[in-house]
Ligand SMILES: Nc1nc2c(c(=O)[nH]1)N=C([C@H](O)[C@H](O)COP(=O)(O)OP(=O)(O)OP(=O)(O)O)CN2
Ligand SMILES: [Zn+2]
């Protein structure tokens, strides 16, 4: 089993609706993102998934939220743009692109800083 990952980041503004504190006010983060694909086998090159292909898919989805006011993004008009919901959005938009007989999307890690973040493994019945 191979867990193959790429790391990236994006910048954005957000505010957490109904949050009992300062995070209800508009502010920004440079979120860090780690995308992990799990492969059971390798191809003839010895790769589970080529980093180049993985980075291309990740960039396509990250670009949809980079330098945005996340509260204005259609995905977060109702849903609060917490790091958890951002991870969920990324997972939902990457899962099909990263579904292959040799590998599948395993997890998305989203961190606001080096010291706080979360890892999303997809819906419970996945
Ligand atoms: N589980 C989550 N908790 C919090 C989230 C989140 O997405 N998931 N987000 C926030 C806010 O975005 C906030 O920006 C971060 O809060 P906080 O750590 O309190 O920010 P500070 O920079 O003020 O923290 P200090 O470490 O005290 O400087 C909140 N929680
Ligand atoms: Zn925040």
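Placement of Cβ uses the backbone N, Cα and C atoms for every residue, glycine included.
Marked as active site, proton acceptor by TrEMBL: 23. According to TrEMBL, the feature active site, charge relay system maps to 67, 112. Per TrEMBL, Zn(2+) binding site is recorded for 14, 27, 29.
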Tertiary neighbours of residue 14 (Zn(2+) binding site) (same chain, Cβ under 8 Å, six or more apart): 26, 27, 28, 29, 69, 70, 71, 76, 81
Local Cβ density at the residue listed as 'active site, proton acceptor' - other Cβ atoms counted within 10 Å: 14
Long-range Cβ environment of residue 112 (active site, charge relay system), under 8 Å and at least 6 residues apart: 29, 31, 83
Densest Cβ neighbourhood among 27, 29, 67 (recorded positions), 10 Å radius: 29
Check: same-chain CB within 8 A of Zn(2+) site center, minus 14, 27, 29: 12, 13, 15, 23, 26, 28, 70, 112
